[in-house]
Amino acid sequence: MPPVSKWAIAIHGGAGVISRDTVSKPYEDALNSSLQAAQLVLEAGKASDAWDAAGLTRPPLALAAALAAVESMEACPLFNAGLGGVLNDKGFVENEAAVIDGATMRAGSVCGLRTVKHPARLATLVYTSAPHQMIGFSAAERLADRYPAFIERAEPTWFITDLRKASLNTAREKQAVTLDHSGGTLANPTTIFSERNGEREGETVGATVCDGTGNVACVTSTGGVTNKWAGRIGDTPLIGAGSYASNKACALSGTGWGEQFIRFCAASRVALAVEWSRMSLKDAMYDVVHNVFPDSTGGFVGVTPGGEVVMDFNSVGMFRGCRTWRGEDYVKIWD
């Protein structure tokens, strides 16, 4: 067990209309690997030595653990992030990610990435080393160019997997924008804020961590939506929409229909209800997920500075898991 008290790790790998016919074991194994990666960082008590080797400032422990969890999922083609990122209407990935340190509420985010294998690591580099909090597209790629030994790169074609090509072809045939996992669509990409037409699917990966000393952090990463317009930016890199962290409240990572998370400033709405209205994280999350979001929008995972884990969603399922100081250790998809 990590040498800290009241630590907690909560992760997700996407929420939505996840068929119960889905072969669950590969996803469960990948979620367990992600949890283990985060726990190993907590046990080590520090971020990877790679930061020092590159002459960079190490992220704090909670953020380093959340980053390890997300990098594990970014390397898995099952999830819509990193290697598994979905393709836009031009046939390429445009991945995005965000990190937030709850102790300082400083953040880093990136978007429009076509060659970075681990967008969450580049977002962390923005957090540790840049004078800004959000960098996108060619400017973000140029930032990655400055750290060739630290930021892994690949040609844009490396990200084009058979699974994602098939999903893009289906979406193009339907003239639709789709989210990951189940093939549901929005029949008209130009009406993404209108009432749903068809079932929603899951997207995005994320991790929230409490380090056991009251510090929380979150990391979120995604490829967005299949057949999205090139240049579309989702909720993930927009601080307060899909992600939030504050030691005065909680850390949150969201997944689902990104435009709705943006529309309602969803993550900050949950966290500020905890901080200002003194609601429990469970009640605040429930209120946004079930009373604010349209049906089948998605959900959140979150942790409190006291090591409590809360997860909620209004879709058919959400890939999720947690490990805590209390001995909780599970991964789930549906119930």
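Every residue, even glycine, has its Cβ placed from backbone N, Cα and C.
Here's what TrEMBL has on this protein:
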- T204: active site, nucleophile (ACT_SITE)
- R232, I233, G234, D235, T255, G256, W257, G258: substrate binding site (BINDING)
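Long-range neighbours of T204 (active site, nucleophile) (same chain, six or more residues apart, CB within less than 8 Å of its CB): H12, G14, N80, A81, T220, S221, T222, T236, G242, S253, G254, T255, G256, G258. Annotation: G258 carries the greatest number of neighbouring Cβ atoms among the binding-site residues G234, G258 [cut-off 10 Å, Cβ to Cβ]. For the binding-site residues shown (R232, D235, T255, G256, W257), fewest C-beta neighbours within 10 angstroms: R232.
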